[in-house]
Every structure is written in C-alpha cells, then in structure tokens.
Amino acid sequence: MTESVTEAAIPLLELRNLGCERDERLLFSGLDVQLFPGDVVQIGGPNGAGKTTLLRALAGISTDFHGQIRYAGQALPEAAWEFAGDSLYLGHLPGIKKALTPAENLEWYKAQSGAAISIGDALAAVGLYGYEDTPCYQLSAGQLRRVALARLHLSCARIWILDEPFTAIDKLGVSQLEALIAQQSAKGGVVILTSHQDLSLPQLRMVNLQDYQSARDKTKIGLGSLSDGDAYHA
Amino acid sequence: MRDNSPAASLLGGFIASFRRDLLIAARHKAELTNPLVFFLIAVTLIPLGVSPEKTVLALLAPGIVWVMALLATLLSLDGLFRSDYDDGSLEQMLISPQSLYFTVMAKVLVHWLVSGLPVTLLAPVLGLMLSLPIEGYLPLLASLALGTASMSLIGAVGAALTVSLRKGGLLLSLIVMPLYIPVLIFGASAVQTAVQGGAIGMQLAVLGAFLALAIVLAPIAALGALRISTNG
C-alpha cells in the first residue's frame, strides 16, 4: 500500500518550465505539466502554436528546448535509454515504408518492442485483416495511417506521444482509437496527443499552448484586434 | 517493462534493420542498377574517347577503374537516408531503444552490398576491356573491396549531414570528396604497383586501416549528423 503511494507521488512524465523556440521566435514558455499513470492530455492551440514542436521535444527527436523533461523522476538526457524503451511516438509522418508490406513494416517495430501479440492480430485490430501482404504503396492514406496505428497494439510502452493520430481515419476508426487510448489509460499508461477534434474521453485533460505564449507573440499569432495592429505600427 | 537482455536486443535490432533495408533495396531494382550502369558506361567510353591502343589503356586502367568506382559510389550515396527522412522512419530510428550505431551500420552494410560489392565484382571485367595486365586483377579486387567499404562508411556521414537539404547533392560531393582522396590514392597505387611487379602489402594495409578506422568512427559521426538533421 505504501509502495503505491510513493509511486503515485512521482509523475511518470513531468515537464518543468518547458519552452520551445523556432526560427528565433518563442513558441511557448513556462510550461509545467505533470503526468501520472492513467492521464490523457490533449495539447491544444492554433496552427503554429508549437504542438508538434513540443511533441518532438518530448519524444526525444528535438533537443531544442529550455527547461526540463523528467521521466519517472529522472531528467531525460540521463534516462534517455529507459525512456526510449517505454515511449512510443507517432508523428505526422507515419514512418511506414511504402515499398514494404504492412507485415514487413511492423516486423521492424516489433523487433524493438518485444510485444507478445502477433503482427497479424495487430493488423486485424486496426481493420487491416487481409492486407498483410499488400505493398503499402497500394494502400489509401487512411489505411497507411492504420498501419502506423497498429504499432500501438504491438507496443508495451507506457507513454504514448501521438501527433494528430486521428487524421485520415474514418469515424469507426476514431472511436476504436479512442477506446484504445482509454484502455491504455486504464492500464496505467500516459497518453499525450494533439488533435483538433473534440474527444469524448472522461479522463481527458486539456493543455492549451496559447496560455503559455508571451504577450508579444499572442498578438502575432492571434492576429490581434485593431488596437493590437495599431500598436504594431507605432 | 521489457525483460529481454540488452545483447539480444542489440543483435535483434541489427538483424531487423538489415533485413528491412535489404528487402527495400530488392524492391527498388532500378535504383540498384544505376551505379553499375554508370560504372559500365563510363569505363566503356574511355577506349573510344582516349585511345584504343593497348599500351595506353593498360597504363591508364588502374586509375580509370578506381576513379569510376569512386564516382559510382558517390552517385549512390544521396539515397542512403533520403527515403527514411521523407517517410518518418528516420525519426523512429533515432528514438528507438536500440543502439543507433548498429542501425546505421546495418544501413551502410546494405548500401555496400548493393553498390560497392557489385562494382568490385564488375571491375575485373572492365579491367579486361581496358587490357589491364594479368597481375593487376587480384589487387584490383582486393583494393576495391576494402576501398568501396570505406567509401560507403565515409559517404554515410556526408549523406547524414545533407539529408535534410532538399538539394544536397552537390554539397554531399564536396563534403565527401576530400575524404575519398586518400582511399583513391592508395587504391589506385596498389593496382599500379602490382602491374609494375612491386609488393602491395603496404597499400592494402593502409586501405585496411582506413576501413577499420571508418568502421569505428563513421557510424558514430553519421548518427550525430542524423540527430542534427532531424532536429529542425
């Protein structure tokens, strides 16, 4: 009992005073978020607010940020190896080779995750039963996305970082993915996602990046009111 | 948490990457034959353009075969990480819980198997076309085998540095060319010396040393460069 209490006290993933810059423009700063097992966080904000930049920083692809990302109580550069084994990132680009079949693509991902479920089952779970051996260049955009989403079934990672996971998939696919996210949360995982869709998950928390912009950039991105425009001319 | 041992996952990652890249290479047969066709055409043109005289060709043969092999390798470099960058596999590779050294090594090994090795095996045939003296064939094979492997490794660093540039082809050549020059000098010299009846142990040893150094350092440099390229 005491063990679970101490475990719960340390967030699985923690962002401390995080800020990202792009092309010498501060996207957001002072972002503090704590993610405990079971949390689902949706990162919001208008286009260009830095959602993808934030997720890329979280996934460990980009190191262009100030502040700290802590995984299970350790700062990230030190715990990068453990974090890599415990996190899964799905970006805008699906990371799927068009020359290969879905099964061949997933083979490579399965070699890293060591999941127990078979590739055929994972593909069936995303509605691609019978497409195992169809080359990916023959699949539609939505089906290609589903191949990438099959990785969620193949993974044992506790932290999911999903950048616009709902693009190009149909309504049924959206509800299936929502159910999968809820299941991950129930298993004690953490899901961070960006989406412009409204999700119907009870445990969902919203973090709006607009709240963490500096005042000057707010006027720039929001394209301001008239008075803001006047201030710029002055 | 996963409980597979680190050593098993290292080897497993290497094998998975190696198999995947080999499969992709096999599906892109047209790209595979490009460097070979270039190598064949360029060497075939030399007797037509320079002189069909046997003595002249025999004199030029070691240098020509080596220069053309170098250019053929250079031609095939640009695609080494390009498609991975374009479809997002590169990001996934960089954040995967595997030793990146082995992942890069697997890619380079596949690159060599589909470009350097065929060029090496084709070289004796082209040597025959350029009337290369009989003593030159074995040294040509040995020096090209060692040299093309070094060139694939060194080229990977250049390809990694330029992968995020839309038109990085020229820059890639400029980065890689100076590093290829020592390989070319010792490689061509090995064949030349063998034709003149000298011992080639020194040249082959230096080529071997280049290769050993490249195996240790080039993948590390390449993965550093890949991190920079994907950071933006």
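Each Cβ is built from the backbone N, Cα and C atoms, and glycine gets one as well.
As annotated by TrEMBL, transmembrane segment applies to B:32-50 (among others). Within the chain, the transmembrane segment (B:32-50) has long-range Cβ neighbours (under 8 A, six or more residues past its boundaries) at 25, 56-57, 60, 64-65, 68-69, 71-73, 75-76, 114-115, 118-119, 122, 126, 129-130.
With a cut-off of 8 Å between Cβ atoms, the residues of this chain six or more beyond the transmembrane segment (B:56-77) that come close are 31, 34-36, 38-39, 42-43, 46-47, 50, 111, 115-116, 119-120, 123, 126-127, 130-133, 136, 140, 143-144, 147-148, 151-152, 155-156, 158-159, 172-173, 176-177, 180, 183-184, 187-188, 191-192, 195. Residues annotated as transmembrane segment in TrEMBL: B:56-77 (among others).
For B:109-134 (among others), the entry in TrEMBL reads transmembrane segment.
Residues annotated as transmembrane segment in TrEMBL: B:140-163 (among others).
Proximity of distant same-chain residues to the transmembrane segment (B:170-192), defined by a Cβ-Cβ separation under 8 Å and at least 6 residues beyond the stretch ends, is recorded for 61-63, 65-67, 70, 74, 77-78, 132, 136, 139-140, 142-144, 146-147, 150-151, 154-155, 157-159, 161-162, 200, 203-204, 206-207, 210. Per TrEMBL, the feature transmembrane segment maps to B:170-192 (among others).
According to TrEMBL, the transmembrane segment annotation covers B:204-226 (among others).
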Exercise. Which bits of the chain, at least 6 residues beyond where the transmembrane segment (B:204-226) starts or stops, bring a Cβ under 8 A of a Cβ in it?
Worked result: 81, 90, 93-94, 100-101, 103-105, 108, 139, 142-143, 146-147, 149-150, 153-154, 156-157, 159-161, 163, 182-183, 186-187, 190
